[in-house]
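Heads up: the structure comes next, in structure tokens.
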Amino acid sequence: MMSKNYHIAVLPGDGIGPEVMTQALKVLDAVRNRFAMRITTSHYDVGGAAIDNHGQPLPPATVEGCEQADAVLFGSVGGPKWEHLPPDQQPERGALLPLRKHFKLFSNLRPAKLYQGLEAFCPLRADIAANGFDILCVRELTGGIYFGQPKGREGSGQYEKAFDTEVYHRFEIERIARIAFESARKRRHKVTSIDKANVLQSSILWREIVNEIATEYPDVELAHMYIDNATMQLIKDPSQFDVLLCSNLFGDILSDECAMITGSMGMLPSASLNEQGFGLYEPAGGSAPDIAGKNIANPIAQILSLALLLRYSLDADDAASAIERAINRALEEGIRTGDLARGAAAVSTDEMGDIIARYVAEGV
């Protein structure tokens with residue numbers, strides 16, 4: 001299919017990270033063989049595993065390894081073992097946030113899909129769940145109220161106050177809007193931009209610039225929606241949405257709402273990208289230390305993270321689609337890990353990985 005050589009930095013991390021990563025790498029093997037792709041991998045410690053082995057959550061060797069790669073496949077970090085450490089030395093804040101900053105990962109892509117056969121897990125009304133949904137939440141990661149200056153606290157007594165500042169620059173809005181429109185072209189050609197342009201100056205600028213960028217994509221339909229209405233519409237009829245384009249704060253809220261209405265966090269991948277197309281790909285859920293090592297974790301979010309990596313960093317859409325079809329097939333056949341079994345027979349983490357890898361190899 002392609003002759004280029006690719007290299008992936010693999011960071012399994014903690015908890016269920018290593019065992020679900022093993023399944024993703026089985027699937028990668030199947031992709032390599034079926035599509036004749038030349039992809040190599042190198043493993044590096046991160047999070048708690050790196051603290052145990054190197055005394056810090058993000059060793060220089062790990063950062064260096066990621067710099068030499070085309071993309072990073074990340075597992076999960078954290079657990080009770082390291083909770084006594086100062087916050088910036090704990091696995092989550094000491095590894096993931098510095099990686100995002102170092103590689104200037106400004107866009108976060110969170111797909112949320114209700115798979116056929118899993119409607120019973122959706123907390124929405126049955127008639128709404130029956131319509132299904134397949135949403136991609138595109139969130140700006142480095143601007144907005146989380147990073148704007150000034151921020152702080154001052155004064156005392158009745159006059160004590162705290163303040164944060166929502167700041168967006170034109171270039172930040174333009175580049176995240178382009179990610180959303182490009183993503184929509186690979187999907188159902190619709191972008192819904194979320195703002196609060198009836199109140200906020202930053203949202204007024206956001207809407208103006210998104211309208212400008214939309215003229216570059218005449219094949220993509222654009223709609224605008226206020227954040228308060230969007231949270232309601234996601235509950236009322238999520239099937240109306242394709243790509244949601246959001247600022248940092250609004251995307252933080254909506255991507256979690258999208259995840260929740262699928263009813264299955266173990267199924268949701270996440271991608272964080274920079275302007276060069278370099279990305280860090282990880283499951284949206286946590287390290288689940290309570291089930292680590294028991295061979296019962298759901299590896300699908302990690303495997304779907306690999307699919308996103310293939311699509312967005314390696315431009316291998318065929319391979320990504322093959323993985324997604326294999327997962328659909330497994331779920332349609334009633335194959336479930338324990339989190340989705342509901343009394344039915346459950347397969348192990350290893351078995352689920354084997355089945356999906358086999359289906360990729362067979363070209364289902």
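For all residues, glycine too, the Cβ spot is worked out from N, Cα and C.
Given the structure is predicted, the values throughout are model-derived calculations rather than measurements.
Note: A288 (NAD(+) binding site) has non-local neighbours G15, I16, S76, A297, i.e. same-chain residues 6+ apart with C-beta under 8 A of its own C-beta. Under the heading NAD(+) binding site, Swiss-Prot lists 79-92, 286-298.
Marked as substrate binding site by Swiss-Prot on the basis of sequence analysis: R100, R110, R139, D228. Secondary structure at R139 (substrate binding site), taken from DSSP and collapsed to helix, strand or coil, is strand.
Residues or ranges marked as Mg(2+) binding site in Swiss-Prot: D228, D252, D256. Around the Cβ of D252 (Mg(2+) binding site), the number of neighbouring Cβ atoms within 10 Å comes to 17. In the three-state DSSP classification, D252 (Mg(2+) binding site) falls within a helix.
Within its own chain, Y146 (site 'Important for catalysis') has N248, L249 as residues 6 or more apart in sequence whose C-beta sits under 8 angstroms from its own. Y146 (site 'Important for catalysis') falls within a helix when secondary structure is assigned with DSSP. Summarising the annotation, Swiss-Prot assigns site 'Important for catalysis' to Y146 (among others).
According to DSSP, K196 (site 'Important for catalysis') is assigned to coil rather than to any helix or strand. The site 'Important for catalysis' annotation in Swiss-Prot covers K196 (among others).
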Mg(2+) site shell beyond D228, D252, D256, criterion: Cβ within 8 Å of Cβ centroid
I227, T231, L249, F250, G251, I253, L254, S255, E257
In chain order, residues whose C-beta lies under 8 angstroms from the C-beta of R110 (substrate binding site), counting only those at least six residues away in the same chain, are L136, C137, R139, S255, C258, A259, L268, P269, S270, A271, A284
Three-state secondary structure, R100 (substrate binding site) (per DSSP):
helix
Local Cβ density at K196 (site 'Important for catalysis') - other Cβ atoms counted within 10 Å
18
Are there residues of the same chain, six or more positions away from A292 (NAD(+) binding site), whose CB falls under 8 angstroms from its CB, and which are they?
D14, G15, I16, E19, G79
Tell me which residues of the chain lie with their Cβ under 8 angstroms from that of P87 (NAD(+) binding site), as long as they are six or more apart in sequence?
R93
